[in-house]
């Protein structure tokens, strides 16, 4: 199972009798947007009689969450001498980030969203507002009043995030251009918590500038006492995008050793354009090699 914007390295072991074999894939979603199937055929070299029609694999149903979950739980890092892992065992910064689809009011209820509102989205109840000057330039050149560095480590209030029939009073987020500042080489844990506001979905969360370890995930509301005990801190997969389960949560860990200004967002472009984004700013280290590079002399103006 692979989410929008996600990449994977896959090793195919060609250990079957020489023949032709199908590779097939189909969409997975809580709501079916595309019911087509993509296929390719692997052809072995050598002397053999190819079948007129290769046998087609049995694919799970488009909405079969159980199969997707079982497959995803089997993913592991190689964790060998040649392919080592470095999962942070100690965490300096912990963040608990809710993912929501929201609404914003319109004058005279004139928009096409629910009750005349317009659709929005948020992380920790903050809908990201794109500034007129990019955050990278503002941070590097110390331009004031472009962004605020107080993105919160947790949501402003707690409720049954994955419950049914959530009240409309929870729909309106705060708007702002907020970033989270991290010390160089600090270790970070982020738990993404899906919510059922405006309906639950599988959200592919992507972080620029980093690969991170998917140490755990589950369904329902994250339990800070019991769920961390089940984290895989030995050989979790290292990725740069993870699908936060529908009506569930996912936990990642990484070391902030790449200084810079990094966008973190849902890889469903519609959600990102609605404000399901934030920015992580990783400060410079103490050496030139652990600091941001200066812009090129011929950098085109924006």
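A Cβ is built for glycine as well, from the same backbone N, Cα and C atoms used for every other residue.
What TrEMBL annotates here:
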type   : residues : note
DOMAIN : 1-46     : domain 'Plastocyanin-like'
DOMAIN : 151-285  : domain 'Plastocyanin-like'
* So, by DSSP, how many helix, strand and coil residues make up the domain 'Plastocyanin-like' (151-285)? -> 13 helix, 58 strand, 64 coil
* **Composition by DSSP (helix, strand, coil) of residues within the domain 'Plastocyanin-like' (1-46)** => 0 helix, 14 strand, 32 coil
